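Enquirer: Pasting a structure below so you can have a look.
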Amino acid sequence: MPIQQMTREALDTPSAQCFACLDLITQQQQMSSVTKTTLCIYHSMNIKLCIFNNAIKTSKYNIFTFLPLNLFEQFRRLANAYFLFLLILQLIPQISSLPWFTTAVPLILVLSITGVKDASDDINRHKCDGQVNNRNVDVLMDGQLKNEKWMNVQVGNIVKLENNEFITVTSERNSFQNEPLNLVYVETVGGDYTDCFKLSSNYPVNCLELFADTDFCFSGEVRCEPPNNRLDKFKGTLTLNGERYALNNDKVLLRGCTLRNTEWCFGLVIFGGPDTKLMQNSGKSIFKRTSIDHLMNILVLCIFGFLASMCSILTIGNAIWETNEGSVFTMFLPREPGIDAPLSSFLIFWSYVIVLNTVVPISLYVSVEFIRLGNSFLIDWDRKMYYPKNDTPAQARTTTLNEELGQIKYIFSDKTGTLTQNIMTFNKCSINGKAYGEQLCFCKKTERVDFSWNNLADPKFSFHDHRLVEMVRSGNPETQEFFRLLSLCHTVMPEEKKEGELNYQAQSPDEGALVTAARNFGFVFRSRTPETITVVEMGKQVIYELLAILDFSNVRKRMSVIVRSPEGKLTLYCKGADTMIFERLHPSCNKLMEVTTNHLNEYAGDGLRTLALAYKDLDKTYMIDWKHRQHEASVAMEGREEKLDELYEEIEKDMMLLGATAVEDKLQDGVPQTIEQLAKADIKIWVLTGDKQETAENIGYSCNILRGEMKDVFVVSAFALEKKLRLELLRTACMCQTVICCRVTPLQKAQVVQLVKKYKQAVTLAIGDGANDVSMIKVAHIGVGISGQEGMQAVLSSDYSFAQFRYLQRLLLVHGRWSYIRMCKFLGYFFYKNFTFTLVQFWYAFFCGFSAQTVYEDWFITFYNMVYTALPVLGMCLFDQDVNDRWSLYHPQLYAPGQKNQYFNKKAFVSCVMHSCYSSLILFFIPWASMHDTVRDDGKEIADYQSFALLAQTLNTFQLCLDTYYWTAVNHFFVWGSMVAYFSITLTMCSNGMFYMFTSSFPFIGTTRNSLNQPNVWLTIFLTFVLCILPVVAFRFIFIQLRPTINDKVKKHLGYKMRTEELPVPAPRRLRRRRSTRSGYAFSHSQGYGDLVTSRKFLMKRSTKRAPLFTQTDSSIFQNQPQHYRTIAEEAEESQGHSP
């Protein structure tokens, strides 16, 4: 039958999914005619599912839904809905005491600016979606490979994956690919919860058998589990030509992985789009709002209540005034027909809602957006967060969370690729009681060991102890046996593109580092088959017969190989955790064990990953019997693992100790310094990793998360996240200085973050670099993505991104702290000026018969928030600094007030309201008293309503100058420019020309000239200014003396020179020794690779056309050279040294 695809609805079966497609085709026959093949996929669910294509969508709008949806979202903000209601009220003539444009202009401006910002953000989401959905892939259709977009790939399609290709579906691997051992190398840093290269086995059926028939006719079906988020398990069966085969996780390529060092392979699509395991783990996108946003909503509700109270008071006053005094005025101000005193009071209530509307700040939200946008640009433009090696700047991917960066209490960090580079280097070793490998001396240049005598040496390998290579070349038997063990006891797969150019594909990076070390010291692992291992020993090729691999397990914590040399000698080589090896040594090794233990403690104190090496010579007769018993145990249907463990324990006894190795997991530049600074800022750091406990502990010590003097260190495994244990986990963890969570899946990472968010009420930050970190990045208040080796999945889901972990301290301690302080200053000043502005209207009501007359001119009300006071406050909130960036990093304790939310809270808001009440009383009654019964120099009256209004509004602009710490040219321009703009606009609006052109709109003709040319008016302005400012200055001075904050203490200590004084040169860091917690290679190894290597089902011709793993030869990964982090002071000294 021709290739066809059937929908789920076409199936009359309980299963919900079935697709027919072609599978398993050889490279030589891939362009042949249409084959007669049927293969069905069943997802075992007894419910009807929707058919998903492989497209992903993170955008919110399209061209048709943007306007209605965006307006709906904006009017869900209480303030916007309130001003829309207010605008409707202003269109009612009986109520409105202000023209409609005083509300319409600011509202339209706010909605437009927010809409433009939302549209820009959504356009970026569309672009990111397009980049993923429009990637090309070869799909097998009608017997031919056709180029198709990933978004059009569906479940049941056969796709061809090529080297270095990113996988965007969950596919089932074909059993035939262009790889010499029939293995697929998969880099899972983007999609799994471990970060390494995986060797992937395939079906226990060979493709050559399937295509033995010239008609290529076969049929089959795949039955598998429904879509789920379990990355470590997969269950299914393949029925092919009447035979059933088991499918497990080793035969599945997950979305987010990358095909490495495999020229091509075919895959059958099992899950697509949102059904893929990666997307199932991604979690839902959460609309993130800052704690200040939540506080603002509460305060706006309080302001509504305050507004209702003021309007009710004035309404009662109007009712009393109308009853007692209103009848006197009805002779020349008659009421409209049908309106009596009670109805008039009711209408006055709504009139005062309009007049006092400025207490609810409509421009608050647009001003907040401008400030956040400006601070986001400052992050984008920060050259000190730019990584030139990858041409990667820091990027604020959201503009709504900047001030939250200044309130972080918990940081949740991934390990591999975030804290470390995932690059292992052979650093030190102990052989027969003698230690080798010296620490680099940075005061003078240390010469590297010359390996030119070894033609097969890795040129990137670096070692500085010349004694070791001399011992090897002199023929020392213990030293040569040491490196012979490293070249034989492993599961590394070699790849030789050209003669002499070896490339090792290791399941764990530390295993690769050990084999590379043996290679450079003359024991070169050259090739392997299931039965043999070929090693070049000091220039001579030796082929060992591989008899058995005693595989690693979490319980054994070691692995062994049994080999036969060409001379017939049988030897067991073992390496693993020192605790496991030392228990199985011959008693004659006790003295050597003590010496080696001291070396191991020293290595562990340096933060190196350690393991011990041992060997044992075996008797031929015993080996024959043991091998027979081992075969019987391996095929047992019950108790197979227990029987094998007993045999392994039996043979791994009375071994002879060779020594120990120490491998360094290279950290990213500046990680220890960054973590130390963040700890000083009282930020708690939790490490969430898929690694095993010992590996995570070692990295913790290396990067300063764990320190030897710590008493409270909490390391937990994933089982602690069970429902019954979660609260106990949180309670215990929060009493510790450091928490490391091991063996956690992406979804469990998100659960840990959610646990802290829910019960600790603290601001959290999650940082990672791979797709396995997306869930926690989305759940945390702040998500940070590192754009590194693991793809862009974390970056695309993050709020902020940069290239190196060390930039996190600048993001938080500088930009975060500044943003928080600026936002708090803005809110304090904004509420102060609006309450002061509105309360003047409130006091004026008692002098105008509660008639809802405004004390200010209409155009002043319209321009007050949007023109006169907008730029000065923006200037302060974009450029203000209490201390500069260098001192912010030098004194991380300055970060503490933000964590405690000290600068703006409910208490600060109440204080702001009280300050506004005082200022409004001064601003109203001082001008009123000074102008009462006052005459001009020429004897004419000055005390008219318009002159008083002009004087009251002129005094409302001085408080901002007191709150500005850091004056720039921009601040001066905005402050003095706004004052000039105010007087210029006021003179224009009170001019004769405006009155003649728009008589009804500009009634204040000549008021400015009449008032401001009088000396007593300027004296009143000065007196009012002094009375407003003097109590504030006095209160701040007394408060600093009696209860100084950490900022006050630092600024007092630094004084005026803090902006120009050079930072002190930091003292050299001393290497801290820590207690021995040794682990290493064995703990990042995975069980099952021994059986995979020794299996007989993957012998095929070797390919020499494979693409290189790293194409960028100038990268640190390719060169494998150590990098050194420089402090700011060192960079400054270097730049001064190079300056002419």
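The backbone N, Cα and C atoms fix where each Cβ goes, and this holds for glycine too.
Predicted automatically and left uncurated, TrEMBL annotations should be read as such.
In case it helps, TrEMBL gives these features for our protein:
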- Asp414: active site, 4-aspartylphosphate intermediate (ACT_SITE)
- Asp414, Lys415, Thr416, Glu511, Phe552, Lys575, Arg609, Thr689, Gly690, Asp691, Arg743, Lys749, Asn772, Asp773: ATP binding site (BINDING)
- Asp414, Thr416, Asp769, Asp773: Mg(2+) binding site (BINDING)
- 53-103: domain 'P-type ATPase N-terminal' (DOMAIN)
- 795-1045: domain 'P-type ATPase C-terminal' (DOMAIN)
- 75-92: transmembrane segment (TRANSMEM)
- 98-116: transmembrane segment (TRANSMEM)
- 298-321: transmembrane segment (TRANSMEM)
- 341-366: transmembrane segment (TRANSMEM)
- 826-847: transmembrane segment (TRANSMEM)
- 859-879: transmembrane segment (TRANSMEM)
- 908-928: transmembrane segment (TRANSMEM)
- 973-997: transmembrane segment (TRANSMEM)
- 1017-1039: transmembrane segment (TRANSMEM)
Enquirer: Among the recorded positions listed here (Asp414, Asp769, Asp773), identify the one with the smallest other-Cβ count within 10 Å.
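Expert: Lowest Cβ count within 10 Å among the recorded positions (Asp414, Asp769, Asp773) is Asp414.
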Enquirer: Same-chain Cβ contacts of the transmembrane segment (859-879) under 8 Å, 6 or more residues past its ends?
Expert: 98, 101-102, 105-106, 109, 358, 361-363, 367, 370-371, 374-375, 378, 822-823, 825-826, 829-830, 833-834, 837, 953, 956-957, 960, 963-964, 966, 968, 970-971, 973-975, 977-978, 981-982, 985-986, 989, 1001-1002
Enquirer: What residues in the same chain, six or more past the boundaries of the transmembrane segment (908-928), come closer than 8 Å to it by Cβ-Cβ distance?
Expert: 299, 302, 306, 824, 828, 831-832, 835-836, 838-840, 842-844, 847, 855, 948, 951-952, 955-956, 959, 1020, 1023-1024, 1027-1028, 1031-1032
Enquirer: Please work out the mean pLDDT for the residues of the domain 'P-type ATPase C-terminal' (795-1045).
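Expert: That stretch averages a pLDDT of 82.
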Enquirer: Within 10 Å of each Cβ, count the other Cβ atoms, then let me know which of the binding-site residues Thr416, Asn772 comes out lowest.
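Expert: Counting other Cβ atoms within 10 Å of each of the binding-site residues Thr416, Asn772, the minimum falls on Thr416.
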Enquirer: If you draw a 10 Å sphere around the Cβ of Phe552 (ATP binding site), how many other Cβ atoms fall inside it, taking every protein chain shown into account?
Expert: 26
Enquirer: If you count other C-beta atoms within 10 angstroms, which of the binding-site residues Arg609, Arg743 is the most crowded?
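Expert: That would be Arg609, with the highest Cβ count within 10 Å.
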Enquirer: Same chain, outside the transmembrane segment (826-847) by at least 6, Cβ under 8 Å from its Cβ: which residues?
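Expert: Tertiary neighbours of the transmembrane segment (826-847) are 292, 296, 299, 310, 314, 317, 352, 355-356, 358-359, 361, 364, 367-368, 371, 853-856, 864-865, 869, 873, 876-877, 903-904, 908-909, 912-913, 915-917, 919-921, 923-925, 928, 952, 956, 959-960, 963.
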Enquirer: Asp773 (Mg(2+) binding site): which of the recorded positions Asp414, Phe552, Gly690 is the nearest Cα neighbour?
Expert: Asp414
Enquirer: What does the structure give for the C-alpha distance between Arg743 (ATP binding site) and Asp414 (active site, 4-aspartylphosphate intermediate)? Integer Å is fine.
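Expert: Distance (Cα to Cα, whole Å): 12 Å.
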Enquirer: In whole Å, how far is Asp769 (Mg(2+) binding site) from Gly690 (ATP binding site) when you measure between their Cα atoms?
Expert: 14
Enquirer: May I ask for the distance between Asp769 (Mg(2+) binding site) and the residue listed as 'active site, 4-aspartylphosphate intermediate', taken between their Cα atoms and rounded to an integer number of Å?
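Expert: Asp769 (Mg(2+) binding site) to the residue listed as 'active site, 4-aspartylphosphate intermediate', Cα-Cα distance: 8 Å.
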Enquirer: Once the chains shown are all counted, how many other Cβ atoms turn up within 10 Å of the Cβ of Gly690 (ATP binding site)?
Expert: 27
Enquirer: Report the DSSP secondary-structure composition of the domain 'P-type ATPase N-terminal' (53-103) as helix, strand and coil residue counts.
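Expert: Summed by class, the stretch gives 26 helix, 1 strand, 24 coil.
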Enquirer: Between Phe552 (ATP binding site) and Asp414 (active site, 4-aspartylphosphate intermediate), how many Å separate their Cα atoms?
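Expert: Per the Cα atoms, Phe552 (ATP binding site) and Asp414 (active site, 4-aspartylphosphate intermediate) stand 25 Å apart.
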